[in-house]
């Protein structure tokens, strides 16, 4: 390499390095230092892993984490089941303008902020809301029904906020599948089911896995949707972190929770990759 | 173009002139405490500019803690959250009493706030706005709700709401015949009270529609009729009363919980002059009345109710007779570390089914 191209290389590398170091690595080191300092009195701290022990000793906290993880996994599955037919239709059954229009229609809700979308669901689902009034009007139910403030409402909100991140990678991978492969499958006497299983899904696997990883992480790290739609049953791990930091003034425990969330969610993603026999470089590198 | 250049020059000159004599006051306060018209009058009179950030007690302390008391020049936490926060985090600086026009303050409130916000011999807080938490009730739907524990009654199942915060623990404690404030100094006694209240609130959970978080949220729930009784701030009840005569604030039998929001100087505030100017300005009777009309709560200013609307005064008198005023439980300063106990109890209530 000449000196000049070396300079160019480092200049191009600079933004990435700045981003990684100042916005990701340094804050995490700071957070870690806070998480290993135990409070023993007013303005007195000592180094130790006590904050991490709290998570494992208090059933409330790890149960909340388990609940958050299971609901996020369920959201991911639900998003895949709903998103796959949509993506397949867009990628394989439409052409040209229709395709662009349909794709755009999936995008449009994401032009407004997540907060507004969540409030939209609150207007629909609340006791005096659109859905309850409509069902009363049509005579399906006798009195007002509360659809908000339960786990179902949280699921609806999470699927809605994350489905785009499933559809986009799926459309991309399905697009790259040559139609002649599917035709060949039919010529060789395959049924719709066997073609889906033997040709389409294996080809779409990287898209499925990368979509699942993104949706899972988005749901696990979501704060607004579970808190607003879940009401009194809105126990969510990010909510616990928020309360530790803001209302309890307990930054030490909050930081430890943050690290545990990072570690545990990475473990779950790792297990998911192992189970689906995919590697991270395969799914994300394409 | 020439005109444009000239006017720009004048503007820059004017701007630099004002920056010499005036500061920007970065005010960390509650919604309604710094109405637009008051800010405009203050800016016109003093030349300072005011930047308002609205927040709540916990966020104010969290924000100041994150910057070691920087980023703001004047903050307004409640008087019970000053001494403890100062002891733990050192985020405030002492008030220079010689720069305050003390005659504008109601003497008893000034003295009480000073006593509660004293840390190592220095005074850190001045009283500004006071009010109470109690019950906001739709008296047509749920006239039987007269105390905090009535919210757990079967007759209002599914249509009550309260916050999952420390005032709820304390209100229920008083309503159950306990005395949480008296136990502040004794951690074990306080934990015993918390355990009792926690059990009651877990049993009460099926009755609750949702735990509210912001003032607008609970007003919305009461206005739509989805909630008929709630533990909430007096001012929210009086605002709703203006729209719907059935809904109003009720001082609970166990006593409303009284708070005083204060002025404090953040430790690394840069515009103390502007901060003192603002304090002396808003405590004038006519300005204090404007703030009361905007926020719905009365101030610690002498004659501060001079221009307050007759409607608001009438609502206040309907909710509070003399006995109810005497029965207000004023928050004593929260000892450092108490919030950790309360936090654990609140987490367990939140997690219960």
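For all residues, glycine too, the Cβ spot is worked out from N, Cα and C.
Between the listed ranges A:33-55, A:102-124, TrEMBL ties the annotation transmembrane segment to A:102-124.
It is A:152-171, from the ranges A:152-171, A:172-191, that TrEMBL records as transmembrane segment. With pairs at least 6 apart in sequence, the transmembrane segment (A:69-90) and the transmembrane segment (A:152-171) have 3 or more Cβ pairs within the 8 Å limit; the two touch. Among A:7-29, A:69-90, A:204-229, A:249-273, A:204-229 has the largest number of CB pairs under 8 A with the transmembrane segment (A:102-124).
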